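**Student:** I'd like to ask some things about the structure below.
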Amino acid sequence: MAVNTRVPLIAGNWKMNLDHLQAIAFVQKLAWSLKDSGHDFSATEVAVFPPFTDLRSVQTLVAADKLPLAYGGQDVSTQESGAYTGEISAAFLAALECQYVLIGHSERRTLHNETDEVVAAKVTAALKHNLVPIICVGETAADLELHGPSAVPVAQLKAALAGVDNAADIVVAYEPVWAIGSGQAATPEQAEQVAAALRSTLAEVLGQDVADKTRVLYGGSVKGVNIAGFMKEPNVDGALVGGASLDITEFSSIVRFQKHVGL
Ligand SMILES: O=C[C@H](O)COP(=O)(O)O
């Protein structure tokens, strides 16, 4: 078994919250709060995913104050440029020095009818511009009942990897739809079971080396009180946090999970 050298990633998905002025104040406070508490950013990476309209402000602040925070878009177009009203291309995100982009979040899949094919095309578009796609997968409560815990996330991941080669830098986020915003997180054991299945899928499709280095996150009602349990699991390398990422104290406590784990 390979030694785990994956740097944990705690990612905050703001969804449609905080305008660009609020984003500036929030990111400044978050960085100060983490620095004040002695957070080691090289030991646990921190990323925020603001709305598109905030990204330029976040970029300017991060660059001016040399903040050790990563950031990215919550979605990306399959297209490069052209007559696609309302869309944002990977080239535009790269121009704002985004490192990451969320792809295939369940809210995109359900509210905007994003199919596995669209998700795969977005992953390819992101990689073309050297953005690290955070590929979101997860089953609904009905899927869980019908197919068990891993079948749907594994199938979604296989489909999303259609155009990916084994040189790609990717992150996978397992987010059971029933756990998102419900206050009902999966248990660490459930998250580990699916994360392990997703890692096996990565090994099958992209090879063992990629599987060993790729971070698999858990998302769905992650809070300061439950993060430690997830982070103890060998195949869980971080969290994709929604609601709790909008509260600086709560998000900082998630980022500083080592304190709870006692590492
Ligand atoms: O992208 C984040 C997920 O949708 C989780 O959201 P939540 O932490 O509010 O459950």
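Positions of Cβ are set from backbone N, Cα and C atoms, glycine also.
Please treat TrEMBL annotations as automatic predictions, because they have not gone through curation.
According to TrEMBL:
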ACT_SITE  His105  active site, electrophile
ACT_SITE  Glu175  active site, proton acceptor
BINDING   Asn13, Trp14, Lys15, Gly181, Ser221, Gly242, Gly243  substrate binding site
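Tell me what's around each of these sites.
**Tutor:** Shown in sequence order, Asn13, Gln74, Asp75, Cys136, Glu175 are the residues of the chain, 6+ apart in sequence, with a C-beta less than 8 angstroms from the C-beta of His105 (active site, electrophile).
Within the same chain, residues at least six positions away from Gly242 (substrate binding site) with a Cβ under 8 Å of its Cβ are Asn13, Lys15, Ile180, Gly181, Gly219.
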**Student:** Which binding-site residues out of Lys15, Ser221, Gly243 lie by ligand 1, going by a Cβ under 6 Å?
**Tutor:** Ser221, Gly243
**Student:** Based on Cβ atoms within 10 Å, give me the single least packed residue among the binding-site residues Gly181, Gly243.
**Tutor:** Gly181
**Student:** Among Asn13, Trp14, Lys15, Glu175, all listed as recorded positions, which has the most CB atoms within 10 Å of its CB?
**Tutor:** Glu175
